[in-house]
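Right, one structure below, let's go through it.
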């Protein structure tokens, strides 16, 4: 490791005119070489403070910062830090550089660092990232975190479909047409696609917990208003507010997965993260039908209010902050606004035991105004767009079946509203089956490709996957499932057309739910792989495409079945989905090259941002220098005036005596 650190230091550019540090020399620095030491023996935490607050100017500064973070988790480790030759200590050398202004000293390169100890040496870069734990949470704890995030995303699709059975009753109570009451469904889906664009970018910078808090506060308030209102205009406005609050949590589930799970095991976790959004549309009509059958339709929203409140209490007490920009791998104590009860207990326990609490994040994140344009930028990336289009079409296919089932089973098989609601159970069973099976298939295929390439897959460790065929590994699982789902859709349509036994559609609905839901999950895994660290943002883009295409499919399926019949209507929908699959094949072939090109572009952008920051810093330093020079000149003038006045005052008594 020492050789790698020295190599990085040797690549550094000249030291700036002043070394910036935000605190004096830590007390844990110990002089081990006499009055003029060549190095100091420091603790792990002091080493991190040193590399964090001395502003190294070289391209590998982020790697050194990351090294300091990882050293905190290596036991029995000490660090020898070699300071500048003229230094009496880190803080002393800083002050000396400011006072002397020695040109040679200002150009001196950043100090070398060597690391020694009982810990196994690792390389900076690929080796270092491979050996570093990706998350401090155990496997069981990570599963609970993802399950909680999935349940939080369950409320949006639940609220979208739960009052479908009550639409005729609500229209009769408000004395409006069916078209007007259906407008509340359309507006809900539109807001459901837009709201995550705002919350996703906010959560990627400020943290997941503040974003969840805002979403659920809005959602609870909207449910309370909907349970109490009896006006069509209020229903329309509050449904939009309900959609904005609940749908914001959809994108956060995959963001949580990207925070704590590596690509090697991401398939299983994202399958569970998608479970809530899959079960919502399938189970909610059953719940809504039962409530409408035996209670007043207002109780739909009372049920949502009580259910959500019961969920939120343990969720906000124990759900930890996972955003890597705030807590890193989970070992850093987050700011107060991001802390759960367990964070407070952990910090209190560490203080009582005499252990210093974990350091705050390397750079405390500022609360930023949510920018929906950051989500729209996802569509500008070609590989992402080629994945989003087939994924959205597949979701539209699923919604076409979901929406058309209500009227189809009522007209063809003569079912009442309660029986129609029970027909959605096979869709829910298929969704559960996909969550239990898809992740294992995805992870197994990942390991198969890794074995072919001679790569050892390690759990909860970062690995360099720049040359790994991620697209091929994911799509080899997803595409066959999608083909099977579209084939079942064609058969489903013609069975309804010929009015065969109801058991045929029931079985096909279960298979379609399993295959299409599994395809959604595979696409989610691939998209999160494409945008590491921005899982919430890319999921918001996915949600936008799916909701809008789902709304379109829900709107056109009824006219299509009335015009050409169920057989040709669902055949056309299946053919549209099948026609988009060449985009995925093209992505599988060119995915590695596209990721490399994207990484190079990001590197250039990062260099440009750093150059801009450096230019702004130098400009501020010049302004401060001019300001200090001007202030000094004014002080000199003022001192000169005072000296003249003193001389005049001293001459006045002499003149009086002479007189």
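Numbers run from 1 along the shown chain.
Glycine is no exception: its Cβ is also placed from the backbone N, Cα and C atoms.
Ranges compared are 446-466, 572-592, 593-613, 614-634, and Swiss-Prot records transmembrane segment for 572-592. The range from 76-127, 128-179 that Swiss-Prot describes as region 'Disordered' is residues 76-127.
Per Swiss-Prot, the listed range annotated as transmembrane segment is 299-319 (candidates: 47-67, 299-319, 320-340). Take the CB of residue 182 (N-linked glycosylation site) and look out to 10 A: across all protein chains shown you find 15 other CB atoms. Between the transmembrane segment (572-592) and the transmembrane segment (385-405), three or more CB pairs separated by 6 or more residues in sequence fall under 8 Å, so the two stretches touch. For the transmembrane segment (422-442), the list of distant contacts is 266-272, 274-275, 278-279, 281-283, 285-286, 289, 401-402, 405, 409, 415, 473-474, 477, 481, 506-507, 509-515, 517-518, 521-522, 525: same-chain residues at least six beyond its ends, Cβ to Cβ under 8 Å. Residues 145, 148-149, 151-152, 155, 158-159, 162-163, 166, 209, 212-213, 216, 219-220, 223-224, 226-227, 287-288, 291-292, 340-342 of the same chain lie 6+ residues outside the transmembrane segment (299-319) yet bring a C-beta within less than 8 angstroms of a C-beta in it. Here the Cα atom of residue 338 (N-linked glycosylation site) is found 39 Å from that of residue 182 (N-linked glycosylation site). Sequence-remote contacts of a segment are chain residues at least 6 beyond its ends whose Cβ falls under 8 Å from one of its Cβ atoms, and for the transmembrane segment (183-203) they are 156, 159-160, 164, 167, 210-212, 214-215, 235-236, 239-240, 242-252, 255, 323, 368, 370-372, 374-376, 536-537, 539-541, 543-548, 550-551, 554-555.
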